[in-house]
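As recorded in TrEMBL, the features of this protein are as follows:
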- 29-300: domain 'Gcp-like' (DOMAIN)
- His109, His113, Tyr130, Asp294: divalent metal cation binding site (BINDING)
- Tyr130, Val131, Ser132, Gly133, Gly134, Asp162, Gly177, Glu181, Asn266: substrate binding site (BINDING)
Amino acid sequence: MTIVIGFEGSANKIGIGIIKDGEVLSNPRRTYITPPGQGFMPSDTARHHRGVILTVLKEALEEAGLKPADIDCVAYTKGPGMGAPLVTVAIVARTVAQLWGKPLLGVNHCIGHIEMGRLITKANNPTVLYVSGGNTQVIAYSERRYRIFGETIDIAVGNCLDRFARVIKISNDPSPGYNIEQMAKKGKRYVELPYTVKGMDVSFSGILSYIEEAANKMLSADQCTPEDLCFSLQETVFAMLVEITERAMAHCGSQEVLIVGGVGCNLRLQEMMGVMCQERGAKLFATDERFCIDNGAMIAQAGWEMFRSGHVTQLDDSWITQRYRTDEVEVTWRD
């Protein structure tokens with residue numbers, strides 16, 4: 001029996017989760033929410049995390065019915081992410097590991113998403129679409145690495161959606177992406193937007209620039225509604241993601257797709273990916289907002305896999321990094 005506690009705080013979510021041999025014992029989380037039209041600054045986000053992290057830690061232990069002595073390993077997000085929030089969480093994880101006398105383990109955020117998705121859905125060897133506010137990658141496992149087959153060449157899909165939300169002042173509560181999804185359901189007119197797929201890669205900055213410039217002009221001229229723009233943006237960017245995922249599946253001979261990351265809980269994206277999978281005779285796997293959105297349990301689960309295969313992070317090496325690619329990590333826990 002191995003019990004791992006995981007600390008996640010790479011962006012505006014702060015979460016602490018506890019995993020015992022594949023079972024989620026607790027997974028409390030808080031979100032830093034800013035007013036409509038605003039993003040979240042690293043320093044303000046870190047201040048928010050500092051204010052609540054000990055409360056969340058207490059909740060995680062109480063919900064799991066555990067004491068510090070029961071924990072076998074302390075895992076934390078090493079990167080990628082925003083510098084100040086990452087540092088805040090890493091300092092607390094380091095301190096806790098030393099106070100409790102437990103080994104420490106730095107985890108790649110992206111691999112946390114993948115391993116949590118595999119645990120919850122029981123997908124065997126899927127082609128992974130990882131879509132969030134900071135990352136957009138199509139990934140497949142091969143020879144002890146999660147290989148990146150395609151990715152964004154500029155901004156992430158979640159960042160594109162979030163920044164569009166700011167343009168038309170959509171609320172950030174509970175998240176801009178969720179509110180765009182609800183508004184898109186009421187959209188009736190498709191507005192043509194740039195569609196940019198370059199081989200296995202995608203680009204979202206041009207779409208964002210176009211819609212940022214066109215949105216207020218079109219809305220003020222009554223050419224469309226905010227709901228129409230939300231619908232059009234979703235349909236365009238999700239079609240691009242389905243295209244590159246299908247191409248990666250064909251290359252790998254894969255019959256499974258796993259969607260992970262915060263944007264992955266969008267039901268329209270799941271629906272579009274599901275149609276593609278059905279046409280190919282493949283199977284789609286996805287999780288809900290408990291595990292798609294950044295959370296502590298995903299770091300605990302990746303940490304559990306790593307710890308059981310012999311990984312430990314020495315205190316001298318327990319730094320954070322804002323840039324930490326998925327394919328930099330040797331995946332020693334898979335065949």
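Using the three backbone atoms N, Cα and C, a Cβ is placed for every residue, glycine included.
All TrEMBL annotations are machine predictions without curation.
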Check: min Cα-Cα distance from His113 (divalent metal cation binding site) over binding-site residues Ser132, Gly134, Asn266 goes to Ser132
Ranked by how many other Cβ atoms lie within 10 Å of their Cβ, the binding-site residues Gly134, Gly177 are led by Gly177
For Gly177 (substrate binding site) and Asp294 (divalent metal cation binding site), the CA-to-CA distance in whole Å is 14
The average per-residue pLDDT within the domain 'Gcp-like' (29-300) comes out at 97
Binding-site residues Ser132, Gly134, Asn266 vs Asp294 (divalent metal cation binding site), shortest C-alpha separation belongs to Ser132
Same-chain neighbours of the divalent metal cation site, Cβ within 8 Å of the mean position of the Cβ atoms of His109, His113, Tyr130, Asp294 and not counting those residues, run in sequence order as Ser10, Cys110, Gly112, Ile114, Ser132, Asn135, Val260, Gly261, Gly262, Met298
Across every protein chain in view, the count of C-beta atoms other than its own within 10 A of the C-beta of Asn266 (substrate binding site) is 25
Quick note, Ser132 (substrate binding site) and His109 (divalent metal cation binding site): C-alpha atoms separated, nearest Å, by 11
Densest Cβ environment (other Cβ within 10 Å) across the binding-site residues His109, His113 belongs to His113
